[in-house]
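Each remark here refers to the structure printed beneath this line.
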Amino acid sequence: MEVVEVLHMNGGNGDSSYANNSLVQQKVILMTKPITEQAMIDLYSSLFPETLCIADLGCSLGANTFLVVSQIVKIVEKERKKHGFKSPEFYFHFNDLPGNDFNTLFQSLGAFQEDLRKHIGESFGPCFFSGVPGSFYTRLFPSKSLHFVYSSYSLMWLSQVPNGIENNKGNIYMARTSPLSVIKAYYKQYEIDFSNFLKYRSEELMKGGKMVLTLLGRESEDPTSKECCYIWELLAMALNELVKEGLIKEEKVDAFNIPQYTPSPAEVKYLVEKEGSFTINRLETSRVHWNASNNVKNGGYNVSRCMRAVAEPLLVSHFDKELMDLVFHKYEEIISDCMSKEKTEFINVIVSLTKIN
């Protein structure tokens, strides 16, 4: 499985689309707003750029993508008015892997711009937008061309399934039953990928440029702790139930692994300091409930829909597409049972960085 070819959120605007099932991600963006706001204020008041070049890495599609744009424009407009300056030109780069539904994203752009003008008037900008398909574990932009890099709920995804994890039988991710070699392989791939991310962004950001990165993570130093692995353990349970029913071959489940690593703040800090191009302004964690909806009764349904929007393309690349309704129905039942018995939360790691030179 080539991750770069199959990793993307469900496109379009259907029942299983990411656009209609990304409330958790929206809440996380709103929770992170004060950190984004401070980074943008510090950036603008130190550089006063006439053109602001901003990259949203792992932008996906839907309202959340434009929520980030709206936040940034409003922050800068408020700040530049304080100083009595003319509004800068905004240049937003939307980056994601080639399988992302860029068409749906850009079809919504006109309506978003019109709505933004209604809220803050005609005096800002102009704003320019471009789509940049490609992996953020490679170079994406010219040297020293960016002022600000934003990424939310993307950097936990790895560039590939780690090598040497063939013995992770019965699991689809790191779990307490995973051999130590599997845990080490996952961390090694994360270390390679995040180090490359920092290296390439250090080349693309100008001196004094900022990054605000939010990713699924963990507070524990145990990479197999429930706070980061449980959601995938439950999906593995659903798949293994279908194995027992004879609908999926056991070898198919054994050969499937999620290309993701959810780091602790200490792991993020270590790699940032090791790479050496950035200072850490803030590094913190937050929590968000699996069921971000106010509809508590349908919690299992809401969470399984959210996870389907995220994971279905990966699953379809390995299992029969016709099985997906059954897989996620099983998953919903398992999640509902789990949520009735225990507290279920995602842990977020947020880091704000400044480019040193």
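Glycine too: its Cβ is placed from the backbone N, Cα and C atoms.
Residues or ranges marked as S-adenosyl-L-homocysteine binding site in Swiss-Prot (evidence: similarity to another entry): TYR18, CYS59, ASN64, ASP96, LEU97, SER135, PHE136. Using a 10 Å radius centred on the Cβ of PHE136 (S-adenosyl-L-homocysteine binding site) and all shown protein chains, the other Cβ atoms total 24.
Of all Cβ atoms in the shown protein chains, 26 besides its own fall within 10 Å of the Cβ of GLN25 (benzoate binding site). If you look up Swiss-Prot, you'll see GLN25, TRP157, GLN260 marked as benzoate binding site, on the strength of similarity to another entry.
The feature Mg(2+) binding site is assigned by Swiss-Prot to ASN168, ASP254, PHE256, ASN257. Counting Cβ atoms from all protein chains shown, ASN168 (Mg(2+) binding site) has 24 others lying within 10 Å of its own Cβ. In the three-state DSSP scheme, ASN168 (Mg(2+) binding site) falls into the coil class.
Swiss-Prot lists TYR150 with the feature site 'Involved in substrate discrimination', giving similarity to another entry as the kind of evidence. For TYR150 (site 'Involved in substrate discrimination'), the Cβ neighbour count at a 10 Å cut-off comes to 26, with all displayed protein chains included.
Spread of the benzoate binding residues is 17 Å (greatest Cα-Cα distance among GLN25, TRP157, GLN260). Counting only same-chain residues at least 6 apart in sequence, those with a Cβ under 8 Å from the Cβ of ASN257 (Mg(2+) binding site) are VAL161, PRO162, ILE165, ASN168, ASN171, ILE172, TYR173. Using a 10 Å Cα-Cα cut-off around ASP254 (Mg(2+) binding site), the binding-site residues GLN25, ASN64, ASP96, LEU97, SER135, GLN260 reduce to an empty set. Binding of S-adenosyl-L-homocysteine is attributed in the record to TYR18, CYS59, ASN64, ASP96, LEU97, SER135, PHE136, and the widest Cα separation among these residues amounts to 20 Å. Highlighted in sequence order, GLY58, TYR153, SER154, LEU155, MET156, LEU215, LEU216, VAL310 have their Cβ within 8 Å of the centre of the Cβ atoms of GLN25, TRP157, GLN260, the residues recorded for benzoate, and are not part of that set.
With the fewest other Cβ atoms inside 10 Å of its Cβ, the least crowded of the binding-site residues CYS59, LEU97 in this structure is LEU97.
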